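Asker: Can you keep this structure in mind? I'll have questions shortly.
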C-alpha cells in the first residue's frame, strides 16, 4: 500500500519527477541498510512469512488413520482446498452481500466525505476547527465500541430511536433480514466518513491559493471553484480513499460480528472474513487459509483494477 | 476485528487479509499428533514438589485453588483464567506443545478435541477409575467416551428446568404446564389474554440451547458404528422438537427477536413481556443478578416433557480435562478428584462460580438443600437434582460439533426470518456435519 500512497503523492506533487540514481558501494550501502532494516525485517517476519505460510497451508489437506479417534496428518493436496472454496455457495453468497454493501456504502460515504471536506475548506464556514474535530471524532472510537453503541440504538428493546419512531407510527426494524445489512453499513459510514474527509481535506489544503485568486479574477463562483478546480485536483485522494474503502469492505468483520450478538439475521458466514473465521474455529485451518487467499486475490484485483481504470481515465 | 487503516498502512490488502488467518494457521503443525497414551504410560507419583497448570473460566476458582495449595504443599496448582477466547487459547497451546496439565473443557467439545489428540488418558491411574461412581452417569459417560479411557472429570452440569413468573401465571389463571402440549396451550391462552405478553422467546442463534431440547427428546445427533460416525442430526425426534417450535413461532406465541443473555433479553423480562424462561441450573444466578426487581416472582418447575416421558435435558456444563503432555497424572488425578468431589471445594465453586456439581455427593451439599431467597425460599436445587436424574445417559457429541452448531444456528435463523422451516435447519446442520467431517478426513455417513 505504500506503493499506492507514494504513487498518488508523486503524481500530485512532482509530475514527471525522475529518481536520482544512487551510487552503489562505500559507506552509503551501509546507511541504506541501516535505514531499511527496521522496516524490512518486521515486514518480512510478520507479513511475508505468515502470508507464505498461509499459502502453504492452503495447499494441504488433512488425512487420518486409525479408528474413531485416530491420528491425523496433513499432506500436499494441490488446489483441492481452492476447489472447495469455489464450490462453496456460502462463500460466494458472502462476496455478493459485501459487493452490494460496497456498491452502496462506499459511494455514499465518500460523497458525504467530499462534501464535508469542501465545506471545511470553503471560506464561508465558521468554527472550522470545531467541525473538523467533531467530524473526525467517530474515527477515534474503536470499531467494536462503535458497533456496540449503535446496536443499542438499533435494538427494539433499548433504543430511544425505535421508541420515537414507533410513537409516531413508523414501524422500525433496524435488525430485520433486509435492514440489517444497511444498519451495518451505517455504522461503517459513521466510523469512516471523518477519516476519509480528513484525507481529502488535507489535499485541499495543499492547493495553492493563487489558483483560486486566478479563478476569481476570471469570474468563477465559489461553486465553480469547488467543482471545477478543487475536485479535479484532489482526484488522486478520492481514488486513494476509494481503494482504502474497497479493501475495508472486503475485510468487513467487526460491525456485523457485533450486530450478530443481537440479531439472528446475521449468519456466521455473513461476510467473507466471518466465514474464514468460522471455518478456522472449526479446526479446518487449511480451508480457512484457502478462503483467506481467495479473499486477498479478489481484494488485490478489485483495488488495483480500480486504480488502473481511474488513473487511465483521469490521465494521471 | 477489522481495522481498515492499520492494515493498509502496514503492508496492504494482500498481506493484511491473509495475516489474520495465518496467525491461526501458524499454530497448526503438520506433523501427526502423537499417541495420547504414550506420554501417559505411567502414573507414578513424582519425587518432590510438583506444580500443575490449570486453565479455566470459572469465577472465584482462584480461591478454591488457594485452599488446595494451602493444604498440599507438594502439589501446587497454578491457575489461569481463559474466559477470553477459551478454545482459541487451548487450541494454540496444544499446537505449540505447551498445554496445561488440566483445563476446563465443555462436554460438547470433548470429541473434537480428542480427535486432535488433545488429551492424556488418566485411566492408567487406578484412582482415576475409582471415582467413576462419584459422578452423574451421563457426565462420566461423556468424559470417559463410554469407558474407553478417562480423559476428564465432570465438573458441573446444566440440568434444565422451567423458570415461571408465578405472578403472571396467577393473573391469567394459567396452570403450570407439565408437558410441551400444555406449554403450547398456555402460550396460546397468554397470547389471547394479552398480546404484548409472550410465553418465552426462541433464540435461533443458540445451538447449545436447542441441543439441550434435542437431548431431552433423545434426538441423537451422532452415533459411532461400523467404523464410521453416523450422523443423525435430522431424525424423527429432532423433527418433533423443531415442528413444535415452528408452530409456536408461526402462531407468534413466542418472541424471536431476543438473543439469550443479552441486555435486550433482560430488558424484555424486566418489562414483564415474557412469562417463562427455559433454562439450566446455572441460570438461577443469571435471573437473580440481572432482574433484582423480580425477586419473589419466579418459581422453578420441571421442564415440560414429551408426553408421558420423564426425560429432561441438559444445557452446558464443563469438565476438567487431562491435557496432552501431562507428565504428572498421579498428582493431576489427586487434585482433579478433590476439585470435583470434595464437599468444601464444591460448596465454594457453587457459591462463587454458580456451578451446579456433576458429583453425586455434590448434589447433596447443604448449600443445595436450602431455600433460595430470590425464589421466595423455594428449594430450587431439588428441581435440578430431579432433572439431573432424568437426563439421557447415552447422548454423545460429534467430532465437529462447533461447525454443526454454527450451521444449525444459521439455518434456524433463516427459518425464523421466514426462509424455510426449522426442520430444514436440521437437514442443513446434518449436511454441514457430514461435509465438515469429510473435509477433515473423519469417516462419516448419514445414519438416518
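Using N, Cα and C of the backbone, Cβ positions are placed for all residues, glycine too.
These came from TrEMBL, pasted as-is:
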DOMAIN    A:95-306  domain 'ABC transmembrane type-1'
TRANSMEM  A:29-56  transmembrane segment
TRANSMEM  A:98-121  transmembrane segment
TRANSMEM  A:133-154  transmembrane segment
TRANSMEM  A:174-193  transmembrane segment
TRANSMEM  A:233-253  transmembrane segment
TRANSMEM  A:288-307  transmembrane segment
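On this model, are these features tucked inside or out on the surface, and what's nearby?
Answerer: Here the transmembrane segment (A:98-121) has Cβ contacts under 8 Å with residues 128, 131-132, 135, 181-182, 184-185, 188-189, 192-194, 196-198, 200-201, 204-205, 226, 230-231, 234, 238, 241-242, 245-246, 249-250, 252, 271-272 of the same chain, all six or more residues outside its ends.
Long-range Cβ contacts of the transmembrane segment (A:133-154) within its own chain (Cβ-Cβ under 8 Å, at least 6 residues beyond either end) map to 116, 120, 160-162, 174-175, 183-184, 186-187, 190-195, 197-198, 254-255, 257-259, 261-263.
Long-range contacts of the transmembrane segment (A:174-193) within its own chain (CB-CB distance under 8 A, at least 6 residues past either end) are made by residues 97, 100-101, 104-105, 108-109, 112-113, 116, 135, 138-139, 141, 143, 146-147, 150, 153-156, 159, 162, 245, 248-249, 252, 255-256, 259, 262-263, 265-266.
Below 8 angstroms of C-beta separation, residues 4, 54-55, 57-58, 81-82, 84-85, 88, 91, 95, 239, 242-243, 246-247, 250-251, 272-273, 275-277, 279-280 of the same chain, each at least six residues beyond the ends of the transmembrane segment (A:288-307), sit close to that stretch.
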